[in-house]
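Visitor: For reference, the structure I am asking about is given below.
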Amino acid sequence: MVKFSKQFEGQLVPEWKHAFVDYSLLKKDLKRMQHDYSPQGTIITTSTPHDHHQQQQSVAAPSSYNLSHCRLLLHKLPAAFFGSNNADHAGAIQVRRRVGRGEVYETEVTPEMETTAATAAREFFARLDAQLNKVNHFYKAKEEEFLHRGHSLRKQMDILLDLKSRSSSSLSGHHRAAAGDDPSISSSSATSGAEDESTRYVTSATDTDESQHETAVMRDPEELSAEQGLEDSGSLSRQSLGRTVSSCQRKNLKINIPLTTPCRTISALTDLLRDDLVSQPKNKCDSDAGITFTTINKTKLRHAEKMIKGAFIELYKGLGYLTTYRNLNMMAFVKILKKFEKVSGKQVLSVYLRAVESSYFNSSGEALKLMDEVEDVFVRHFAAGNRRKAMKYLKPTQRKESHTVTFFIGLMTGCFVALFLGYCIMAHIAGMYTQRRDSIYMETVYPVFSMFSLMFLHLFMYGCNMVAWRKARINYSFIFEFAAGRELKYRDVFLVCTASMAVIVGVMFAHLSLAVRGFHAQAIPGFLLLGFLLLLFCPFNMVYRSTRFQFLRILRNIVFSPLYKVVMVDFFMADQLCSQVPMLRSLEYVACYYISGSYRTQEYGYCINTKHIRDLAYAVSFLPYYWRAMQCARRWFDESDTGHLVNLGKYVSAMLAAGAKVAYEKDRSLGSLSLLVIVSSSATMYQLYWDFVKDWGLLQPNSKNPWLRNDLILKSKSIYYLSMGLNLVLRLAWLQTVIHPNFGSLDSRVTSFFLAALEVIRRGHWNFYRLENEHLNNAGKFRAVKTVPLPFHEADEED
């Protein structure tokens, strides 16, 4: 059976860890008390009941904790434990509650407590009181935050239903197509008044506090003339694009849709230009009010509906976390008080638990009421009354891990090892990896296999990262915003790696066998590459389709970096590509080799010596750094944080270092060598500073952990120092360009492959500390759920 302390650590909300009861610290106080009691012959036992469920495996879903045991235990307690808010003067302790700005509990040890342990008992209850007060304060603050969010969402829902109703009425009056509205939102009937057939949008440019938002504002006719004057002057806010939508009852309603994609940005700009060129026909909603009425854009309403739906899901998740927080803390108080009774022999559970039961975090039912209300609203308006469908969004189930996956991992690993050993023996006998002038194999086939090897080595390192993050309770699924229940588990990643490498090495073995016998088999590596590309783009629901499509979306966002809003997973993946420059160059060469038809004649010189092809290869070396720099520029544009410009400078320095390397390869003069050393050394220092200080959060001079940071997830500090040293050594891999190491008769391409593999390993090592720092930042702000921006904002007409 699993001890409660391990269950407690494994099932708490990772980002709220410091707000939970410090159960381990209270246990240490009890051990000190045990030392005080033991000389007097008191029988000590600290065993815990084993009536708990086993520890859940997923870090990303702590709210899935099974609370049936907790409720059963609390129901078994005597009724006298509940309901009193007054101090209890019976037994070994007295618990008093002071009410001021908040509840504060203080416990006094009575003379009945033995004098030999009175000091330790007072220290224990002082710490226990502090924990209870901390839990109360945090619970109340989070509850108020969620209640405020719930109130805002109620207003958002009312506005959405009203606009959907007006849109439906307008469409039925003009196009006789009210049935085209979204059936998932129930609409109430509303009267629009007399309307004109030329009803259309009125566009304006406005400034808002939210970056990159598309805004819809309802204004009176007098405001429209001033607004058009601003548009004619060409003033367009850097932060937002404005769209005006009028209504009879809502005169100043802003619909803020984030411009996260190029389509939304282009659509907003097109609407602005169209409204500048076309006259604005006015229609009366009410002859006395004189308000301009316009139709409601259904596309904007769909985006708004999606945003509100996401906000409800995040609110429900947060309320679930808050319920978990309450029940786990209640269980912790019960367990630690039982342990105290066993150590001291004094009956204190009934007295102290009475105070805990009446405290705010346990007695308040507002969160549960709001949770039920959110569930009801979601079922009615976003699931068409289908509760099961709604629960798939609100409480997504985690995929069960199968032992079948583990079996196939072992099977594929065995196949890979056997085939790889056979391939190495055959390649050694054939002398394929020695320095030979007539080695067509190294020029034509080896780039394909080295490219796949680097790719799946990187994927394997990511699987190792997932194992380490899970063990360290780093909530990587929340950081990357992966869809709950659909993200890959580490076993899935290892299965993909082992199966793919077994296939690749098998093809390598077959190709080498044919090549040694003199058969023309140059098309085999090309078919292997084509097969993987077809599998990547396969539209059928097979071989992790959701993950493959998400990967393609991320690549699209990276390639068009300035046009898409940058999120964590996008720039994290772009950082991975910065470590895969050799793989990208191999991909470019292989594409040229097979597209140009050189594989038929084995004339590989075209893709090496042709000037424009060679220049393209150099451009590929710059691409990952360019994409990452553009992401920094977009983040600075969105957030106005100059730190992103400093980060952009790091990638510019990397591009300069790559350019110096290209210049040295073309002209191996002393001047080119000096330029390479100076630029590469400066870029390396820049990158090391950013790695240690910004990405890892280390090298803090005033930290309680010398030159590290205050909060560390790993227990051993020496690991952090060793990791910094390892990162420093691996960052200096560019020196091989200057030193030209020679390992006997081994081909230089094999040496380059090993150096590229070391960079991939460095990146995998870097990934762990990067996400550790991100997780600690979230934990420092107690950020366990996403804050989804809300689409509708009502403003005063004067604004």
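FYI, residue positions are counted from 1 along the chain as it appears here.
Every residue, even glycine, has its Cβ placed from backbone N, Cα and C.
Pasting the relevant annotations from Swiss-Prot:
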type: COMPBIAS; residues: 180-193; note: compositional bias 'Low complexity'
type: COMPBIAS; residues: 210-222; note: compositional bias 'Basic and acidic residues'
type: COMPBIAS; residues: 234-243; note: compositional bias 'Polar residues'
type: DOMAIN; residues: 2-354; note: domain 'SPX'
type: DOMAIN; residues: 608-799; note: domain 'EXS'
type: REGION; residues: 170-243; note: region 'Disordered'
type: TOPO_DOM; residues: 1-406; note: topological domain 'Cytoplasmic'
type: TOPO_DOM; residues: 428-447; note: topological domain 'Extracellular'
type: TOPO_DOM; residues: 469-492; note: topological domain 'Cytoplasmic'
type: TOPO_DOM; residues: 514-522; note: topological domain 'Extracellular'
type: TOPO_DOM; residues: 544-672; note: topological domain 'Cytoplasmic'
type: TOPO_DOM; residues: 694-718; note: topological domain 'Extracellular'
type: TOPO_DOM; residues: 740-799; note: topological domain 'Cytoplasmic'
type: TRANSMEM; residues: 407-427; note: transmembrane segment
type: TRANSMEM; residues: 448-468; note: transmembrane segment
type: TRANSMEM; residues: 493-513; note: transmembrane segment
type: TRANSMEM; residues: 523-543; note: transmembrane segment
type: TRANSMEM; residues: 673-693; note: transmembrane segment
type: TRANSMEM; residues: 719-739; note: transmembrane segment
Visitor: What parts of the chain pack near the topological domain 'Extracellular' (694-718), using Cβ distances under 8 Å and only residues at least 6 beyond its ends?
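Guide: 472-474, 643, 647, 724, 766, 769-770, 772-773, 775-777, 779-780.
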Visitor: DSSP says what for the topological domain 'Extracellular' (694-718): how many helix, strand, coil residues?
Guide: 4 helix, 0 strand, 21 coil
Visitor: Should the transmembrane segment (407-427) and the transmembrane segment (673-693) be scored as in contact, given a threshold of at least 3 Cβ pairs under 8 Å and pairs 6 or more apart?
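Guide: Touching, no - the transmembrane segment (407-427) and the transmembrane segment (673-693) miss the threshold of 3 or more Cβ pairs under 8 Å.
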Visitor: What mean pLDDT score does the topological domain 'Cytoplasmic' (1-406) have in the model?
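Guide: A mean pLDDT of 69 is what the predicted model shows over the topological domain 'Cytoplasmic' (1-406).
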Visitor: Can you work out which residues elsewhere in the same chain, 6+ from the ends of the transmembrane segment (673-693), have a Cβ less than 8 Å from its Cβ atoms?
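Guide: Same-chain contacts beyond the flanks: 647, 649-650, 653-654, 656-657, 659-661, 663-664, 699, 724, 727-728, 731-732, 734, 737-738, 766.
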Visitor: Where DSSP helix means H, G or I and strand means E or B, what are the helix, strand and coil counts for the topological domain 'Cytoplasmic' (740-799)?
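Guide: Secondary-structure composition of the topological domain 'Cytoplasmic' (740-799): 33 helix, 4 strand, 23 coil.
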Visitor: Within the same chain, where does the topological domain 'Extracellular' (514-522) have neighbours whose Cβ lies under 8 angstroms from its own Cβ atoms, ignoring anything closer than 6 residues to its ends? I mean 6 or more beyond.
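Guide: Hits for the topological domain 'Extracellular' (514-522): 426, 430, 441, 444-445, 599-600, 602.
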Visitor: Would you mind splitting the topological domain 'Cytoplasmic' (469-492) into helix, strand and coil residue counts from DSSP?
Guide: 11 helix, 0 strand, 13 coil
Visitor: Residue list, the topological domain 'Cytoplasmic' (469-492) vs rest of chain: Cβ under 8 Å, 6 or more residues beyond ends.
Guide: 9-10, 14-15, 17, 59-61, 396-399, 401, 405-406, 409, 463, 544, 546-547, 567-569, 572, 713-714, 768, 771-772, 774-775, 778, 784, 786
